[in-house]
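Asker: Here it is, the structure, as structure tokens.
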Amino acid sequence: MSALTSVSGFPRIGQNRELKKIIEAYWKGNTTLDEMRSTAKELRAKHWKLQQAAAIDLIPSNDFSYYDQMLDTAILLNVIPQRYQRLAFENPEETLFAMGRGYQGEKGDVTALPMKKWFTTNYHYLVPEIDSATDIKLNSTKPFDEFNEAKALGIATKPVLIGPYTFLKLARNPQAEELDYDKGLVNAVAAVYAEVVAKFAELGAQWIQIDEPYLVLDKEPGDVELFKSLYAKILPAREGKVKVLLNTYFGHIADVYETVNLLGFDGIGLDLNEGKDENLAAVEKYGVAENTTIFAGVINGRNIWRNNYAVSLGLVDALKQVTANVAVSTASSLLHVPFSTEGEDGLADDVRKHFAFAVQKLDELHEVAVLADASDDEKKASAELAANQALFDGTRVAADPAVAKRIASLTDADFVRQPARAERQKEQREALNLPLLPTTTIGSFPQTKEVRAERAKLRKGEITKAEYDEFMKNQIDACIKHQEEIGLDVLVHGEFERNDMVEYFGQNLNGFLFTKNAWVQSYGTRCVKPPIVWGDVSRANPITVEWSAYAQSRTDHVMKGMLTGPVTILNWSWPREDITHEQQTQQLALAIRDEVLDLEKAGIKVIQIDEAALREKLPLRKTDWHKKYLDWAIPAFRLVHSAVKPTTQIHTHMCYSEFNDIIKDIDAMDADVISFEASRGDLVVLDAIHDANFETEAGPGVYDIHSPRIPSEQEIKDRIYEILKKMDVEKVWINPDCGLKTRGNAETWPSLENLVTAAKAVRAKLAK
Ligand SMILES: Nc1nc2c(c(=O)[nH]1)N[C@@H](CNc1ccc(C(=O)N[C@@H](CCC(=O)N[C@@H](CCC(=O)N[C@@H](CCC(=O)O)C(=O)O)C(=O)O)C(=O)O)cc1)CN2
Ligand SMILES: [Zn+2]
């Protein structure tokens, strides 16, 4: 006997990113739709069989997606804006891709739906758009098809759906505003879910998992009523034939646990990693309904370290004091971890044994479930438990005393830059001699096939480091020349030498480890390969100084130095679990501080320190914002730049402009200039900048780089005038939304040319 085991979701990209490769080949016209479909089918079968082999009881289906599961949910509900329907594609995949990435061709010209971060992850979902004309109805057979596909293989799966509450809370109207949850809308959405539940009952599904991660956020007035009225209509469709698991993750649901428990779900999934204490306390306080099973989310879906069985068993035990009905589950979908440690032979065995990726987590789940039902004697005799315990006995890695000493000697003054910003801004204006509305870019230029191929050649030893450097210098030269020609003011070197803005820095810091193939989906087919923080972090050697100094030597313009900030390096790496995030960020801050000072010494006058991921890890509950995050994250950034001269201009960049609520904290980073994304719905952030008396100079992106579309000069001019309505002209910078690494040269240069001419035209107008 062992407790029931359940996996919330499995990575779909494939062990070797097969799904990414076939979809991108299809987009390029290098393979057929049928080939793409059949690769997808093979991957689904492989992933189900792996889970079956690991003796998982509740194996998910419908966790597959060609692009994004929110987009799939929108399509399931027929939430497809007219502009995509009008393209009248023959195949559903073509409509899906048009919504996900835009379409420009013989059938028309539409932009993609907006993309946002999925809670506190580096995964992005597409934001469904609902208007009064939306005809909500069951519009797809995808969940049923995949269930039947598995059934044909002899595997009974648990279909997974994003729940109606989360869907409605994340969907927007065409003005990018929250929806009015009127009765008609709520009933229509509930009716589709009820139909889906009934259909699965008919198909013979035992369990359905409905994910409601939005439940872990603070509740607004009406939220609980909305949740209740949805499920009051959905749950009766079970008719005693199918069980519904209400699954939550990324935090606790203590504020609604009582309500949820009273609704009579067959299962309630709780995250016992994030929000562990609150969830446990709620279960202890309110109990568990008689026919409800608690799914104990003990296997972390957000990190790659081995599970500590003793801790997991303790959590299961605590629940068993309240109810006998406890299943063991992943804490969230495994979508956010890489596929398998198999093949990571670059890691020594006694290092690799500390890691569990998705495939290894399946075994962990099974072993914890077996142990959860074992007697004390059986536990004592368990080789698995003993081996697991050994991983956590003693210290895994020796601390670096030099790092500890440096941190201990920090004083408050190390976190404060002098003189005050207003004074610096004056000095910088004189020192840098830039025009009004200075133009710049965010750092990277297109990472072409040739650039990546050159890096692959170096990795394989086919070229020497000297040859590689020579190639990159030529790239830099060409990029600088081009920037000068079109008339940008503050130049960049282009970041060609970097594989990724985080992994590259990791490779030049002590304390990091790297994998060959540990890819995780970020958006669509785009993946990232986060480095692992293994030990204490310090700078091994100057990282960017030679490249930036070289670039500066090739131009009379100001050359901006480009760094990634400590919060972002940590957030886009796999952090340690034996010391706090705050401690790790401080170590990183000191390492990057060394780099900042070396860049300054090398004559770099403008230094950008990207904090692209700062907003991403803002805790989901407001009460946690400061004490659990901002109170150390913002000072860590200040520590990085506090020692530079007043005339050295510090820039930062954030990919998203969702920081209205924390605008004062962003200002308190004490950067001189910030650039950020400001496409649709952003006018709100300009209001916040205005109302908060934001001191930092700012470049709200004037065009969207996530699309290949070229913005016209007029469009950009309009945009600049919009910005000038809300901001002091002396504080405005003109730049794109984000880095250009994912774009092609064909659209990049004409877009930037239009940006420069637009800025010049506005400047000329202002001078009159
Ligand atoms: N870490 C991180 N998170 C981020 C961003 C970011 O830039 N970095 N940006 C935001 C948006 N997210 C993004 C996520 C991925 C990419 C992206 O460009 N990903 C590339 C991977 C780029 C990469 O690391 N390429 C390697 C090459 C690795 C590779 O694919 N090699 C081939 C083999 C190549 C060969 O041997 O020929 C392979 O392994 O199969 C390199 O340049 O060196 C992709 O999925 O296509 C962009 C933005 C938010 N989160
Ligand atoms: Zn960005």
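Every residue, even glycine, has its Cβ placed from backbone N, Cα and C.
According to TrEMBL:
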{"type": "ACT_SITE", "residues": "HIS706", "note": "active site, proton donor"}
{"type": "BINDING", "residues": "ARG17, GLU18, LEU19, LYS20, LYS117, ARG526, CYS527, TRP572, GLU616", "note": "5-methyltetrahydropteroyltri-L-glutamate binding site"}
{"type": "BINDING", "residues": "ILE442, GLY443, SER444, GLU495, ASP610", "note": "L-methionine binding site"}
{"type": "BINDING", "residues": "ILE442, GLY443, SER444, GLU495, ASP610", "note": "L-homocysteine binding site"}
{"type": "BINDING", "residues": "HIS653, CYS655, GLU677, CYS738", "note": "Zn(2+) binding site"}
{"type": "DOMAIN", "residues": "5-323", "note": "domain 'Cobalamin-independent methionine synthase MetE N-terminal'"}
{"type": "DOMAIN", "residues": "437-760", "note": "domain 'Cobalamin-independent methionine synthase MetE C-terminal/archaeal'"}
Asker: Which of the binding-site residues listed here (LEU19, GLY443, GLU495, CYS655, CYS738) have a Cα atom within 10 Å of the Cα of HIS706 (active site, proton donor)?
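Answerer: Within 10 Å of HIS706 (active site, proton donor): CYS738.
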Asker: Near ligand 1, which of the binding-site residues SER444, GLU495, CYS527, GLU616, CYS738 have CB less than 6 Å from any of its atoms?
Answerer: CYS527
Asker: So which binding-site residues out of LEU19, LYS117, ASP610, CYS738 are up against ligand 2, CB under 6 A?
Answerer: CYS738
Asker: Which number gives the other C-beta atoms within 10 angstroms of the C-beta of CYS655 (Zn(2+) binding site), all protein chains shown included?
Answerer: 23
Asker: State the count of C-beta atoms found within 10 angstroms of the C-beta of ARG17 (5-methyltetrahydropteroyltri-L-glutamate binding site), not counting that atom itself.
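Answerer: Its Cβ has 18 other Cβ atoms within 10 Å.
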Asker: Given the binding-site residues ARG17, LEU19, CYS527, GLU677, CYS738, which one's Cα is the least distant from that of ILE442 (L-methionine binding site)?
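Answerer: Closest candidate to ILE442 (L-methionine binding site), judged by Cα separation, is CYS738.
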Asker: Expressed to the nearest Å, what is the distance separating LEU19 (5-methyltetrahydropteroyltri-L-glutamate binding site) and CYS655 (Zn(2+) binding site) at their Cα atoms?
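Answerer: The Cα atom of LEU19 (5-methyltetrahydropteroyltri-L-glutamate binding site) is 26 Å away from the Cα atom of CYS655 (Zn(2+) binding site).
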Asker: Tell me, what is the mean pLDDT of the domain 'Cobalamin-independent methionine synthase MetE N-terminal' (5-323)?
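Answerer: Within the domain 'Cobalamin-independent methionine synthase MetE N-terminal' (5-323), the model's average pLDDT equals 97.
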Asker: Taking the center of the Cβ atoms of HIS653, CYS655, GLU677, CYS738 at the recorded Zn(2+) site, which other residues in this chain have a Cβ no more than 8 Å from that point?
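Answerer: In sequence order, the nearby non-listed residues are ILE442, ALA612, MET654, TYR656, SER675, PHE676, GLY701, ASP737, GLY739.
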Asker: Please state how far apart, in Å and to a whole number, the two most distant Cα atoms are among ILE442, GLY443, SER444, GLU495, ASP610, the recorded L-methionine-binding residues.
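Answerer: So the maximum pairwise Cα distance among the L-methionine binders is 13 Å.
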Asker: What subset of the binding-site residues ARG17, LYS117, CYS527, GLU616, HIS653, CYS738 lies within 10 angstroms of GLU495 (L-methionine binding site) at the C-alpha level?
Answerer: none
